[in-house]
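Annotated features in TrEMBL:
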ACT_SITE  Ser162  active site
ACT_SITE  Asp315  active site
ACT_SITE  His345  active site
DOMAIN    84-228  domain 'Alpha/beta hydrolase fold-3'
DOMAIN    286-347  domain 'Alpha/beta hydrolase fold-3'
Amino acid sequence: MCTFYSTGVICTMLLPHLSTRCHKEINDNPNLGIVKEHVLIRLIFDGLPVCRDSQLCIKDLHFDEVPVRIYLPRAPPAGKRRGVIFFHGGCGMFGSIRSYERICRYIAQKADSVVVSVGYHLSPEYKYPAQTLECLMATEHFLKTSENYGVDPARIIACGDSAGGTFAATVCQELVNRTDIPKIRAQVLVYPFLQALNFNLPSHQKNAFTAFLSRERTVCYMLKYLNKDCSLKEAVLAGSHVPESMNLKYRKWINPDLIPEIFKLGYKPPLPTSFLPEVHEETKELLKTRLSPLLAEDAVVCRLPDTCIITCQHDVLRDDGLLYKKRLEDNNVKVSWYHMDDGFHCALGFFGYDLIVSMELPAL
């Protein structure tokens with residue numbers, strides 16, 4: 001269980017719902033005959049509408065022109081509540097406030113917290129980095145106005161899954177030097193995407209063909225998110241987009257040797273690859289900290305808030321979380337880490353549908 005107060009309740013509630021099942025991955029055809037793939041996936045992501053909830057007051061608002069949905073418990077509070085700003089996953093192209101309605105309601109009720117779900121606009125209609133900037137704008141607005149919603153500004157958590165975890169990590173990094181607004185108390189990163197330097201870590205090999213998010217799909221989605229041609233995929237997978245100087249610089253942070261041995265069973269180091277300058281030029285955004293927060297300098301990482309990281313065994317992104325955990329700990333940031341042996345990527349999207357075998361929730 002989490003021990004530090006602000007993320008403990010959130011983590012305890014999320015963990016039981018990250019269990020594994022077999023699911024068929026969507027066909028790799030970018031156009032499925034009737035609609036484009038990203039449009040179809042959005043429809044699936046949105047899921048079924050949710051019934052009214054008498055325990056919550058739910059409002060659709062805009063924070064500095066960014067759509068948000070805010071969940072406020074109706075019960076009179078004993079004092080100011082904690083706040084949770086939630087960024088949904090979906091690689092910046094899929095997902096919505098509606099698709100994460102169930103988990104946000106659940107957090108608001110069980111943690112007696114005010115939850116703000118951010119409906120950032122999606123790529124490709126809104127070009128990168130619109131998604132990151134909107135998450136940042138919404139967070140700044142909430143930090144400045146939280147008391148209007150009965151929230152203690154010193155107890156606000158940034159939380160996200162998958163690409164939402166990327167946004168949460170990036171927002172926390174971009175706010176570390178701000179002195180004009182309250183500090184984020186903690187960040188909760190659920191199977192986050194944290195680096196695009198190396199797609200040949202042990203978890204990439206072990207889960208290369210895992211449903212929902214395979215190794216190839218990870219890179220293809222990132223290229224689509226940046227509005228780049230997916231023909232670059234093979235070069236990026238091989239690591240040809242990274243100059244040798246950059247590999248040497250970041251080897252101290254992104255390196256299979258830093259992964260615990262228990263997670264490296266069957267791992268085979270990849271063959272050396274040649275650097276392709278033209279690929280680097282096309283994809284250099286992948287190596288900026290807004291997409292690869294694991295590459296942030298120690299001067300930033302050491303000032304980050306308390307962190308909870310949740311990783312899943314059956315997840316191509318597992319090692320991103322493990323490496324970020326080590327970086328944070330090396331910089332004396334308090335970290336609580338939970339690894340789900342039967343967990344898989346995208347599990348949170350199934351929350352509330354009774355499709356996933358789950359454990360009984362421990363006492364909060």
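Keep in mind that glycine also has a Cβ here, set from the backbone N, Cα and C atoms.
The two recorded residues, Asp315 (active site) and His345 (active site), have Cα atoms 5 Å apart. Taking DSSP states H, G and I as helix and E and B as strand, the domain 'Alpha/beta hydrolase fold-3' (84-228) has 61 helix, 25 strand, 59 coil. The two recorded residues His345 (active site) and Ser162 (active site) have their Cα atoms spaced 8 Å from each other.
Note on the domain 'Alpha/beta hydrolase fold-3' (84-228): its mean pLDDT in the predicted model is 97. His345 (active site) is surrounded by 26 other CB atoms, counting those within 10 A of its CB over all protein chains shown.
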